[in-house]
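*Asks:* One structure is given below, represented as structure tokens, and several questions about it will come after.
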């Protein structure tokens with residue numbers, strides 16, 4: 001009610017059990033411009049009238065039958081509280097007790113009987129003006145509260161919604177899974193990864209990738225009404241449903257999902273390659289919490305390029321991951337705990353049977369597991385990015401051992417020790433500088449160390465590999481290509497890289513004595529190496545016939561268990577100083 005509306009629109013309720021008082025007061029109000037007046041002589045009707053009519057002001061007599069004014073006012077306040085209309089009490093001039101009690105209840109003002117015309121209008125005008133200001137403040141506060149509630153509701157909605165797809169986000173999906181589990185429902189969770197979305201973002205920008213992701217999400221939602229679809233990340237979706245029986249049926253349903261994804265999507269004139277992978281879990285057998293079910297579904301994802309697109313979670317996968325993480329951690333501290341050591345496999349000159357060098361091989365003596373095979377820990381180190389650190393340790397330890405042998409005169413000046421170089425080291429621009437610094441630190445001449453690199457490591461970054469190996473070769477180290485013939489076998493790198501030696505892989509040596517094709521291949525490798533002025537080392541010699549054939553083919557050097565297995569430093573020195581008579 002605005003200030004200009006006071007005289008014409010205000011609703012005034014007069015409550016007095018004396019009809020003559022009601023008539024007098026109503027007439028005064030009408031003369032004062034108030035034309036919206038109701039009068040009640042029975043106080044028991046007040047509460048209903050206020051509820052139906054919502055008066056702006058109540059003129060309330062105190063002394064009435066059935067219910068006095070104090071009781072009426074108490075009931076109004078109890079029911080409407082802050083929204084109770086203001087009350088002016090009608091009382092006798094000398095009724096001090098009534099005034100005091102009414103003030104304590106919170107009445108707005110008093111009108112004294114007999115009524116004075118000007119006083120009545122003035123006090124009513126004041127009361128309505130104050131009440132109007134109060135109501136405007138209350139209404140404004142309510143508007144603000146409503147805005148806050150609406151904004152809070154919007155924020156709560158956004159907190160559960162993915163901004164790109166408008167699908168339920170991680171929080172919403174986890175809450176839904178947990179709610180289903182709390183109701184005792186069985187649940188199947190599919191973790192879907194869309195390979196190719198990240199590459200689209202890198203090549204064509206995030207808006208294109210987001211539009212693509214949104215399109216795929218909408219397609220899945222439309223085609224699978226029984227599944228709850230949510231967004232987990234920029235290229236990951238989460239799907240929840242009741243599990244199919246048996247598990248094979250769940251996998252069939254998952255295959256149908258992947259079938260809805262086209263291998264090539266066209267968007268904005270672009271052809272975008274995509275591939276989906278799915279990991280599946282079921283509750284309760286795979287977990288009793290949403291977080292565990294999602295985590296295990298992600299763990300079940302097939303590896304990219306594995307040829308499999310769907311995999312159901314099994315506890316063995318989690319155990320394998322736990323073992324992998326444990327081994328990664330243990331491998332990190334293995335150096336500090338002195339658990340790593342090198343062994344040395346002799347390399348023999350096939351022409352005269354002399355030991356001319358050795359290959360240094362890394363071994364891990366685990367305190368609980370004993371000797372851990374390199375086939376176990378090397379892939380772990382590569383996957384966790386630890387091969388660079390391990391490779392540095394190997395080079396440093398090899399240089400230290402070389403220095404000790406040379407200083408004690410246990411090996412001659414022509415002795416060469418070969419160490420393996422990992423792809424991680426060949427990807428490190430500072431590797432050559434570090435290697436040469438290690439040689440200088442241990443005062444080992446460059447000619448005493450040979451670096452063995454695999455073909456696959458060379459091909460990861462040919463330009464960087466050429467730069468590093470040229471720097472190393474110029475310093476005097478020799479470069480050997482390990483496992484030759486099992487990788488790219490590109491003649492181009494033999495021409496452009498500073499290679500000194502080729503190592504024939506054991507795959508060609510294993511059946512050499514009885515397989516004519518292996519003999520032809522080995523002869524071709526030796527001839528090719530010699531045409532490039534490279535020497536040849538054969539690996540995996542396990543019988544004298546192999547050694548004899550390789551010698552006759554022109555292969556200069558060999559190593560293998562027939563000559564000797566990898567030996568400790570002391571064992572190697574003993575064999576080096578007193579070699580057996582290998583007859584072949």
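For all residues, glycine too, the Cβ spot is worked out from N, Cα and C.
Positions annotated as domain 'Response regulatory' by TrEMBL: 11-128. The 4-aspartylphosphate annotation in TrEMBL covers 61. The annotation domain 'GGDEF' is assigned in TrEMBL to 185-315. Residues or ranges marked as domain 'EAL' by TrEMBL: 324-580.
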*Asks:* Could you find out if DSSP has the residue listed as '4-aspartylphosphate' as helix, strand or coil?
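*Replies:* SS state of the residue listed as '4-aspartylphosphate' = strand.
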*Asks:* Under the DSSP assignment, what numbers of helix, strand and coil residues are found in the domain 'Response regulatory' (11-128)?
*Replies:* 61 helix, 24 strand, 33 coil
*Asks:* How many other Cβ atoms sit within 10 Å of the Cβ of residue 61 (4-aspartylphosphate)?
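*Replies:* For residue 61 (4-aspartylphosphate), the 10 Å Cβ neighbour count is 24.
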*Asks:* Quick one: average pLDDT across the domain 'GGDEF' (185-315), no decimals.
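*Replies:* Here the predicted model's pLDDT, averaged over the domain 'GGDEF' (185-315), is 87.
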*Asks:* Across the domain 'GGDEF' (185-315), what are the DSSP residue counts per state (helix, strand, coil)?
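*Replies:* Tallying H, G and I as helix, E and B as strand, the rest coil: 50 helix, 41 strand, 40 coil.
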